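To start, the structure under review is shown below, and the notes come after it.
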Amino acid sequence: MNVPRGWLAALGSVLLVSAAQLGMRWGMSRLPLPEAWAGQTPEHAALLAVALAVAAYAASLLCWLAALRHLPLGRAYSLLSASYALVYLLAASLPAFEETFTTGKTLGVGLVVLGVLTVNARRTAAAPAHHPSRKAL
């Protein structure tokens with residue numbers, strides 16, 4: 001286990017999945033409903049945003065797999081929750097999304113962040129490099 005590499009991979013996953021969420025929201029809000037696709041020409045920038053968001057999801061998955069290789073599942077999984085806070089902050093801050101900060105949402109996101117910090121505050125004992133139950137083939 002290489003914990004710094006795991007943290008870096010988890011951070012990459014959080015950033016990419018957050019970008020994917022924002023890109024998907026921006027693109028889909030500018031495209032017609034699926035039942036109207038036959039009669040309208042979709043906005044190319046919106047289609048590109050959705051395509052890039054799908055690619056960001058795929059890249060996020062690769063980062064997530066790397067994070068799972070180097071971090072305990074409980075720690076890694078809690079880090080994914082940081083994307084909720086990041087998406088909320090960016091969506092409410094950037095005018096393109098027309099989202100607003102509210103007391104309830106901010107309190108909820110604050111609790112999520114507090115949970116992530118709590119789970120990751122304690123250092124855990126280093127895991128063995130290999131599992132004793134695994135036998136060399």
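Every residue gets a Cβ built from N, Cα and C, even glycine.
Pulled from Swiss-Prot:
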TOPO_DOM  1-5  topological domain 'Cytoplasmic'
TOPO_DOM  27-44  topological domain 'Periplasmic'
TOPO_DOM  66-76  topological domain 'Cytoplasmic'
TOPO_DOM  122-137  topological domain 'Cytoplasmic'
TRANSMEM  6-26  transmembrane segment
TRANSMEM  45-65  transmembrane segment
TRANSMEM  77-97  transmembrane segment
TRANSMEM  101-121  transmembrane segment
Counts by DSSP class (helix H/G/I, strand E/B, coil) across the topological domain 'Cytoplasmic' (1-5):
3 helix, 0 strand, 2 coil
Against which stretches of its own chain does the transmembrane segment (101-121) lie, if we need a Cβ under 8 Å and a gap of at least six residues from its ends?
74-75, 78-79, 81-82, 84-85, 88-89, 92
Which residue counts does DSSP yield for the topological domain 'Periplasmic' (27-44) in the helix, strand and coil classes, in that order?
9 helix, 0 strand, 9 coil
Run through the topological domain 'Cytoplasmic' (66-76) and tell me, per DSSP, how many residues are helix, strand and coil.
9 helix, 0 strand, 2 coil
